[in-house]
Amino acid sequence: MGKPTFIRSFLTGYPKESYVFIVASLLNAIGNAMLWPLITIYVHNDLHRSYAEAGLVLLLQSSAGILGQFIGGGLYHRLGPKRLIVSSLLLTGLAQLSLVFAKAWVPYICVMVLNGLLVSITMPAVNAFVGLRWPEHSARLFNSIYVFNNMGVAIGTSLAGVLAAISFNLTFLIDGFSTAGFGLFFLLFLNRIHIGKHSRMEVGIPRQAAESSLPRLLKNYRLYLFLSLGSMLVMMSTSAWNTGVAPYLNSKGLSPDVYSFLWTINGIVIVVGQPFTSFLNKRITRTLYTRLISSAVFYGVGFAFMWILHASYMDLIAGMIVCTFGEMLLNPSIPAIVSQTTGRSAPFYLGLVGGVGSIGRLVGPPLYGVLFDLYGVTPILLVSTIATAIGAGLFVIHRTLRVSIPARWPDVNHGVNSDGT
């Protein structure tokens, strides 16, 4: 029997240096996933604060994360990939280690906000590095990194509870050391591949393309505006799970494990569903733009199905499976499209698109919380259906207004041709 399609594709066709990078990303994802699931429990049980105050920490951390994506994208070419990525990862590791000592309320908030800022600074920088270092492989690499990061999240969240039962400090230590270790790996990795002025990440594209003023970059709205707004609406719609489905199941007297199992299904589908998305990408969603639009359609169908049918738990499972396919198409497509259509300015636009998209995750919970208190889960699922439908329309507009890559930018002209492939 042959190897599964995804495993076979992972084992062949990539630059050798990228394998080590993917494995290191997996280990880093495991470490980071040990922290965020425990915030509410730690704030309530160890710091003796209310659940509302725990929500405040999450809100402040998310807000700092939005700012961090803008900062990370803007600093990429000013500091260079080595200094930006390595320093942000090492500082993030130190911030996470300092949680061992931040036992008072205000210091804890400050450290968590700093952690959210630093983690998000790293995100557009790493995506830009992948897109500019391996442009001809970027679409597949983004997908592989996405899948293995999700595997890391699944492993990390499962370990988080076990470690926290022993000691929260143990969780903080492992989290901090894994992040700092990823930073040291990046330092050695970038030294080994000789990032410098002769790297294809630094030449081949006019320098002014990356060093344009902020107004000039923002003026070219076709590169980011509709993609950002569509992403924001889709991200907002996903808040229906935490702020709609979760309290709905709780109101029916079901245990938290029942809701948690939905995310177990999400993780399983992301891994075992790769042959299905590979089939789609070869036969139907052949271009990055088609995958982008189809992702919102999958989300919309999933939420529409649950809007009509949600009395049975199996209805929610079916909705989760359909929405997960939308996630599998969306998450790798956005960084691939941005990195392949914005040239050397990709870091800035990756941060901009990511930051605007994250606003949806910030707006969704309070909006859906009010809707659930007043009307229950049904209008939440309807709003999510409408939001994803509008998001699909915005993605179509982005596809229509896309900018062709000039022929003098050969490194980024792979993957998004004039026909959108």
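Positions of Cβ are set from backbone N, Cα and C atoms, glycine also.
A TrEMBL annotation is a machine prediction, not a hand-curated record.
Fair warning: this is a prediction, and the values are worked out from it, not measured in the lab.
Feature annotations, courtesy of TrEMBL:
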{"type": "DOMAIN", "residues": "17-401", "note": "domain 'Major facilitator superfamily (MFS) profile'"}
{"type": "TRANSMEM", "residues": "20-39", "note": "transmembrane segment"}
{"type": "TRANSMEM", "residues": "51-72", "note": "transmembrane segment"}
{"type": "TRANSMEM", "residues": "84-106", "note": "transmembrane segment"}
{"type": "TRANSMEM", "residues": "112-132", "note": "transmembrane segment"}
{"type": "TRANSMEM", "residues": "144-166", "note": "transmembrane segment"}
{"type": "TRANSMEM", "residues": "172-191", "note": "transmembrane segment"}
{"type": "TRANSMEM", "residues": "223-241", "note": "transmembrane segment"}
{"type": "TRANSMEM", "residues": "261-280", "note": "transmembrane segment"}
{"type": "TRANSMEM", "residues": "292-310", "note": "transmembrane segment"}
{"type": "TRANSMEM", "residues": "316-334", "note": "transmembrane segment"}
{"type": "TRANSMEM", "residues": "346-368", "note": "transmembrane segment"}
{"type": "TRANSMEM", "residues": "374-397", "note": "transmembrane segment"}
Taking a Cβ cut-off under 8 Å, which residues six or more beyond the ends of the transmembrane segment (223-241) line up next to it in the same chain?
262, 292, 295-296, 299, 303, 320, 323, 326-327, 330, 334, 337-338, 341-342, 349, 352-353, 356-361, 363-365, 367-368, 380-381, 383-385, 387-388, 390-395, 397-398, 401, 403
Are there 3 or more C-beta pairs under 8 Å linking the transmembrane segment (144-166) with the transmembrane segment (292-310), counting only pairs at least 6 apart in sequence?
no
Taken over the domain 'Major facilitator superfamily (MFS) profile' (17-401), the predicted model's pLDDT averages 85
